[in-house]
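Engineer: Below you will find the structure I want to go over with you.
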Amino acid sequence: MSAHEAGSSGRRRPATFHLHIYPQLPSAGSQTSCRVTATKDSTTSDVIRDVVASLHLDGSKHYVLVEVKESGGEEWVLDASDSPVHRVLLWPRRAQKEHPREDGYYFLLQERNADGSIQYLHVQLLAQPTAACRLVERGLLPRPQADFDDLCNLPELNEANLLQSLKLRFVQQKIYTYAGSILVAINPFKFLPIYNPKYVKMYENQQLGKLEPHVFALADVAYYTMLRKHVNQCIVISGESGSGKTQSTNFLIHCLTALSQKGYASGVERTILGAGPVLEAFGNAKTAHNNNSSRFGKFIQVNYLESGIVRGAVVEKYLLEKSRLVSQEKDERNYHVFYYLLLGVSEEERQEFQLKQPQDYFYLNQHNLNIEDGEDLKHDFERLQQAMEMVGFLPATKKQIFSVLSAILYLGNVTYKKRATGRDEGLEVGPPEVLDTLSQLLKVKRETLVEVLTKRKTITVNDKLILPYSLSEAITARDSMAKSLYSALFDWIVLRINHALLNKKDMEEAVSCLSIGVLDIFGFEDFERNSFEQFCINYANEQLQYYFTQHIFKLEQEEYQGEGISWHNIDYTDNVGCIHLISKKPTGLFYLLDEESNFPHATSHTLLAKFKQQHEDNKYFLGTPVLEPAFIIQHFAGRVKYQIKDFREKNMDYMRPDIVALLRGSDSSYVRQLIGMDPVAVFRWAVLRAAIRAMAVLREAGRLRAERAEKAEAGVSSPVTRSHVEELPRGANTPSEKLYRDLHNQIIKSLKGLPWQGEDPRRLLQSLSRLQKPRTFFLKSKGIKQKQIIPKNLLDSKSLRLIISMTLHDRTTKSLLHLHKKKKPPSISAQFQTSLNKLLEALGKAEPFFIRCIRSNAEKKELCFDDELVLQQLRYTGMLETVRIRRSGYSAKYTFQDFTEQFQVLLPKDVQPCREAIAALLEKLQVDRQNYQIGKTKVFLKETERQALQERLHGEVLRRILLLQSWFRMVLERRHFVQMKHAALTIQACWRSYRVRRTLERTRAAVYLQAAWRGYLQRQAYHHQRHSIIRLQSLCRGHLQRRSFSQMMLEKQKAEQARETAGAEMSEGEPSPVAAGEQPSEHPVEDPESLGVETETWMNSKSPNGLSPKKEIPSPEMETPAQKTVPAESHEKVPSSREKRESRRQRGLEHVERQNKHIQSCREENSTLREPSRKASLETGESFPEDTKEPREDGLETWTETAAPSCPKQVPIVGDPPRSPSPLQRPASLDLDSRVSPVLPSSSLESPQDEDKGENSTKVQDKPESPSGSTQIQRYQHPDTERLATAVEIWRGKKLASAMLSQSLDLSEKPRTAGAALTPTEERRISFSTSDVSKLSPVKTSTEVDGDLSAKKPAGHKKKSEDPSAGPDAGLPTGSQGDSKSAFKRLFLHKAKDKKPSLEGVEETEGSGGQAAQEAPARKTLDVPSSQQHRHTTGEKPLKGKKNRNRKVGQITVSEKWRESVFRKITNANELKFLDEFLLNKVNDLRSQKTPIESLFIEATERFRSNIKTMYSVPNGKIHVGYKDLMENYQIVVSNLAAERGEKDTNLVLNVFQSLLDEFTRSYNKTDFEPVKGKAQKKKRKQERAVQEHNGHVFASYQVNIPQSCEQCLSYIWLMDKALLCSVCKMTCHKKCVHKIQSYCSYTGRRKSELGAEPGHFGVCVDSLTSDKASVPIVLEKLLEHVEMHGLYTEGLYRKSGAANRTRELRQALQTDPATVKLEDFPIHAITGVLKQWLRELPEPLMTFAQYGDFLRAVELPEKQEQLAAIYAVLDHLPEANHTSLERLIFHLVKVALLEDVNRMSPGALAIIFAPCLLRCPDNSDPLTSMKDVLKITTCVEMLIKEQMRKYKVKMEEINHLEAAESIAFRRLSLLRQNAPWPLKLGFSSPYEGVRTKSPRTPVVQDLEELGALPEEAAGGDEDREKEILMERIQSIKEEKEDITYRLPELDPRGSDEENLDSETSASTESLLEERAVRGAAEE
């Protein structure tokens, strides 16, 4: 596909692309392809339409466009809306231009049938394999040869079967095959998508041979073998050129770093991964056999700690092929870096380095250069630059490198020609522009350069000769200069890479390290023309072949023979003779070459003659015809002919001294550094030069400053200068000076109230001076991290010496830079032998793994298998013999001791490591005797048997674990059974005893009934007999009396008649005594029931003097006449009037008690029935006269005395007619106050709820002889019948009351006025006293029990504004009133001014009552429970929004408002944020006083504010608590703080906070708390994490270091590109392909399907419980919030377990519906137990299984900072739901650990408890290993908690500093506004630190002296500008504080350098203003 832009009209018309479509139709004929034009917006239907029109196809048919990718083996049918151009852009670049079929990426046009199916022409070809398989199944065709992944498993071992097996696997694109533990890799010359990270995970910790052969498998085995055996390992990669050694090395390094880093790539891993591309660019080139041939050898040794963490690495290079720089053969190229540079640089860089095109350079264009992959080379240059940055090259360093490369290319363009005229025999060098450019690039003089390139200087004893070069000598000198310069550059790059890979701790401490070495050395080469380089390369391959045969054949067979096991020796080809031919002293070819090179007149012919003379009879040395200057050596891989030309010159290839002197005199320090002999010496000289230059610069700067100072002194000063202001008289009495001093003193006094807390105020005042005139030089800001100017990992002499010592043997270039040395440097061959021997020595100390790389074909064709070439390589590598010995040998070898330790579980207990025990075990396990042998000291096993033993060991361990578990479960079950049995026996015994007692009781009852019945019968008979007798007697007596009476009557009549007649004349005026005696009988006696029972209380209240009932005891004379009268006819004894009164009182009290119980039960039935009963009570109640004019001065004293239980008996009094116009009537029902408050020892008082309404509240006193002792009766009367006054409870027990009263405030000595109310402190004490006395009461009535079951709310009252004597501190002791009165009085007085005056809050709405009706907490708290609230509101008539106009402001009490606000719910986090700011303002108002009670209040409020911050900063932003929980939390904080300080009285503090909370709820509406979507809202969460989730995948950014493929589009991912990697399933894809993925993650998808059947909240995956609105599961959030509100101060919070039944109940409730669960009903330990249970039951822990190994490896890092960085890096790859939930949980644990002194929960204890819940090992892991990992798991969680604690403290300290600065700025702004008209403004002392200090406060006088005016401030300024700055600063501080607050819970992975920057910034708060000022100036 080719693209064409539209030129200047490109903006209007999009680019067009040419697509090649290959029709696959029957009617297409001979048409091979069709070319159409399309754009990125063209769809598939548009392209098909163009193709049909171009090919003249039948338009009525249906066609489809098919995308073919042969690499993936798939065909994709494009939809009609797809864009073919977009698909092409995803292909490799080589296939994008023309995309022929040969590249494997093309489009097909196919025909679609009517049913939608596609007609495939090649379907017959596809059907052939299927038909063949059917024939094989029927037995008609022979079965194909089996696919053996291990050549040792071949049934018949020969070359043919070996070759056939490899070819069969190669055709199936299986390029890896095992030969025992040796890996055979065949180069396919094509990228295969088998190297993605998921393959690394697949082969991790797997046995060799369990999965398909792979290079990752060998790397994994080497890594874990090193960790298991603690022995160094090495991987030797061998093979001829083009066999894929370099690529295999890259794969190995990638896998080893991936196994080590496990999600956390430190600097060493990144450098190792980046070093490969850099070395390949500078050391690899394209040859005829290989497009990426290594022209040098390298050995990368990766050092590990014993835990498997990378410690460092060393790269050693061997014999760079320098001759390739100046000459190449046909179809070969120079080093890659030149082409990258020329084709990839930008135009600016091209001009800077003066670069041309590759065809313009002689070193690059020697055989008609034709570059076809230009686009790929451009991208390779970008990847090279990225790799150089990973290694640590700075941009300036890269420019220096590219400048040297450009100079090398220009050296090749230097031409020579002989001078045409003159006697001068010299040469002319040119062209001039090349010389000019070269001198500029190298920074040398042009004349010196020309002289060096054309003349040679020779120094003799007496003379210095300058001789011109011949033409050939000049060219040789030029090329030698270029080669030496490039070699020096390559050495310098290797040196810098080693420095970057060096661990600086290796210079300070000696730590035992392990290592894995990967050898990638040049392969065996046999070209058409072989020279000195091929001779050295093949010698190195001979050494490696010898090393291979030594380990595979010789050493192993010798070990078998030494152990005495039966073994038949296997013959192998030994190449030691060839090695001796080349390197044996003194006749080896290398030594002969060195001798001949030292002879001045020797030539190549003399050298060849000497070779033939010495080795004519050697079978490995073959001569050639005399005329041919060459010789032949018989290598292990075959015969190679070497051309003898240039052997001597290349062996002594070094710079001439004049060239070295030229480059060392360069003005470029980099060039001098390259040519320097000793890098350490060069570095030291550079340091010295830099120091001298710095001194010179400083001296010059000092001189210039002195000159400016002199000029300034000599000049004329300005009218207003600093000196003028300072010279003003301090004691002047000018008005401005006096005004200044007064204002200064005023400020100093006001500053005393600021939050110094014992600190120096000047420390904070320093920020204010900067507020007036912002400076632009102070740029440090919290949100901006300054770019690092000084780079890290700078060179130093110590590290350089260490690197030089490690690579001393490889100084091939530096050894040739000797100047004027008498002793010649060593030759190239000598240095090569030295470095090769060093390499073999390192390999000999390690256990080797071998990879045999084989070239599939010589033409570099993709997936082409050349049988002959492959067979040749198999033969010379001895693969057949290798397979044979691997097949017959024993790969597993154990000493007896190692075997016993390894398989101890399988052996008997306490067995000795001996031959007999091991043999018995193997016999017992029935191991095949053919697969093992036992030698003298070792056991030899085949790999299959070793794996079988490992499996048996694993199974035995699992069996024993299960056995232990079963035993433990048995013990638990037995214990449970015994407990159940004991419980059953106890229940049975109780039941039997109950039955016996029941029988006895029934028997006794029967006997009692019988006795009663018998007695009844006897009494009945007796009474009947007595009644009969009495009746008879009465009849008899009556008869006698009547008879006597009749006689008397007759006699009387007679006497009367006689008397009437005789006394008719007597006087009629005197009354008779009988009439006077009958007068009282006409008046009926009044019923005692009609009298009132407690009228004496009313009488007492109406007494003029207000005396107590004790002082006005009614006398017996005050009784009613009815009580004093006795009937005249009564002959029996009548009870006295006192006894009658007592009986009436007793009956009245009993009736009241019955009424009390009845009303109490009625109130609990239904709230709707209360109002009618209250109305009935009002209608039938007593009517008392009202007298509001007399103030009740002794009300409190009256209450105190009436409370005494020993008052004398009171007699009901019937008032006289004038005072009682209507008789007292008994009410139909008595309304009793059910809110019976218990009694506390601290007080014996109870204040009425509405005491200030008048004197109408009646008081009732119990009878002392009452057995219940606490039954009370209260009557209510009020002229306004809308609401009734609340009741006052009375109690008994005079001694107890007196004792309690003595402990409380002596209130009886302080009589109150009529309007005085109880203080909040008194009310709270009363509330507390009631509960304690109720506990002490031994006998309780029903009323008392009901009062004890409900928590009481204190009735707080506000004093009337008219009463100046009463105040909030009226109840305090005398000594403390004066201290605390001012502040608290100010607090309560000023809040009425700035808050809403509305009285709407007084009324209780129906909503709050209904809500309270649902809650019934049983805890003893300060708030009122719902049931109590209902009882309180029973007697009140709800007003439903109407104001009670009869109530005054003074009657609105705090307690009434608290009842309303306590049940108010918190809707969102902003409400808590407003409350936090509200409390901050209130606390700042109270900081001026330092009384103990205020100090307690301030500190408690600060702690409470910290709790609020942690609440509204949680991720969810949702609050599940109310103000009731806040009040309880504050009470807990105050209680603990008071216990620490020894304070006993905390009631006043609680009352103050209660009033503040009440004021806050009245001051704000719910609409004020609605979140505003703006800048502040965005700060609530941190920036978007680097993790991207899709379909269960957790993708993170990933830099590709080896060839990989996208698993979605199957296209190539370029090296060093950014891709996305799933941290769970290791899926890799392009960033643009993420949203196209339709498959779910292999792990998370399975979990969701398994858990979908049982919905709930326990045992469910975290991501299923979260959503966009709820980022944290509701169960977790609700449990954590409740614990943080009520349980942080509980000792052993998570250590103790709750009740099992309560825990189960809570779990079941949360499982059903968490939103409806009331956690207040459950104990705190049950809640914590459910929290731990929820975490344990997660299918996958919060710290997921995928990151389990990563966390363990992070803990194993040596340094704490590295551990923390690794842990946070792994946390960043967690899924979003897990990360957010873990963040919330860790934040909770931090809050718990901060209170370790109280709850005894340290970070270590919390880690022990929560580590098994958060970080569990996978189920398929080894149990033994998992047990060892417990300590690491605990350490990981503990470190996380401690680090988050540290960050939390740092952030809170920053917030405190910001609040202090905000307070100062606000005070300053207030003063400026108050004093705006004044001409002078206050100055402050200049800052000297920028942070708050702990120094003691200085006296005021000293403050006045030091807080003087700054001169620049005294000069005047713009106060308006200062106000603006202050307002901006306050706003900036608020934003900064809010940002820090919202970042409190974050698991922030920032590094230490950024943390230091942040801490410095936060410590100096003025930086905020400076940054804002700078930004504003920049914007302007």
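Each residue, glycine too, has its Cβ placed from N, Cα and C.
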Engineer: For the candidates Ser597, Ser767, Ser1229, I need the one that Swiss-Prot annotates as phosphoserine.
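Structural biologist: Record lookup in Swiss-Prot returns phosphoserine for Ser1229.
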Engineer: Based on the annotations in Swiss-Prot, which residue of Ser1237, Ser1802 is described as phosphoserine?
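Structural biologist: Residue annotated phosphoserine in Swiss-Prot: Ser1237.
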Engineer: Among Ser1177, Ser1342, Ser1408, Ser1563, can you tell me which residue Swiss-Prot lists with the annotation phosphoserine?
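Structural biologist: Per Swiss-Prot, phosphoserine applies to Ser1177.
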Engineer: Going by Swiss-Prot, point out which residue in Ser1101, Ser1183, Ser1952 is annotated as phosphoserine.
Structural biologist: Ser1952
Engineer: Can you dig through Swiss-Prot and tell me which residue of Thr624, Thr1319 is labelled phosphothreonine?
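Structural biologist: Thr1319, according to Swiss-Prot.
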Engineer: Which bits of the chain, at least 6 residues beyond where the domain 'IQ 1' (958-978) starts or stops, bring a Cβ under 8 A of a Cβ in it?
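Structural biologist: Same-chain contacts beyond the flanks: 905, 1823.
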Engineer: When each of 15-114, 981-1001, 1663-1848 is checked against the domain 'Myosin motor' (146-954) for Cβ pairs under 8 Å, which one has the most?
Structural biologist: 1663-1848
Engineer: Mean pLDDT, the domain 'IQ 2' (981-1001)?
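Structural biologist: It averages 96.
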